[in-house]
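Pulled from TrEMBL:
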type: DOMAIN; residues: 38-185; note: domain 'HhH-GPD'
type: BINDING; residues: C187, C194, C197, C203; note: [4Fe-4S] cluster binding site
Amino acid sequence: MSREQAGLFIRAIAQDNPAPETELLYTDAFSLLVAVVMSAQTTDAMVNKVTPGLFAAAPTPAAMAALGAEGIGQLIRRIGLWQAKAKNVAALSAMLVERHGGEVPRDRAALEALPGVGRKTANVVLNVMFGEATMAVDTHIFRLGNRTGLAPGKTTRAVEDGLVKRIPPELLRDAHHWLILHGRYICKARAPECWRCVAALHCNYKDKVKAPD
Ligand code: SF4
């Protein structure tokens, strides 16, 4: 897809949502970081069911480190991979206290050095909390990049690089949210709802789905 077409696609899916936001509940950089770590292979809605109780019990990295993996695990047992996530959240909280004075660093390498934090999570935190024009590629964006022709690629990094190259810079920061919402509600995994898609004119997907009878 050309840069011009990519711009038209993004503007189309942006038209009804000029100020998109993450659906995860958070109040500061630390709670956002923890929520994103917990969202791996779990829906945002599910994460939002357990984080209010967790953040009430441990609102700061120091309190979270003190709560420990076991205490965290007791509060997040309803989400997938809760044991590994509890360990990571306890360890990353301790590292924030030890290395960063209890603050979430605005630095990709420092973020990716935290337990349980990969490139995608670092991109979300840099984007949402620090206003940087990063593109975090989750399962929805990976599918959309390939299906629509926006940024075909075999790896999440290839799709990320393709999107960063093609999406107009002024749209890039919010494009992360627009693409996730579009993938979650319209361009769904099993059956994209092309018949009601506002970006259909600018999409290269050949097997567009018609409205059900
Ligand atoms: S036309 Fe269909 S495949 Fe293309 S973006 Fe819209 S929903 Fe997805």
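Glycine residues also receive a Cβ, built from the backbone N, Cα and C atoms like all the rest.
Keep in mind that this is a model prediction, so the values were computed, not measured.
Shown here: features listed in TrEMBL, placed on the structure.
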{"residue": "C187", "record": "[4Fe-4S] cluster binding site", "DSSP class": "coil"}
{"residue": "C194", "record": "[4Fe-4S] cluster binding site", "DSSP class": "helix"}
{"residue": "C203", "record": "[4Fe-4S] cluster binding site", "DSSP class": "coil"}
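Counting every protein chain shown, the Cβ of C187 ([4Fe-4S] cluster binding site) has 25 other Cβ atoms within 10 Å. The Cβ of C194 ([4Fe-4S] cluster binding site) lies under 8 Å from the Cβ of A200, C203, Y205, K208, V209, K210, each of which sits 6+ residues away along the same chain. Within its own chain, C197 ([4Fe-4S] cluster binding site) has I186, C187, C203 as residues 6 or more apart in sequence whose C-beta sits under 8 angstroms from its own.
When pLDDT values are averaged over the domain 'HhH-GPD' (38-185), the model yields 95.
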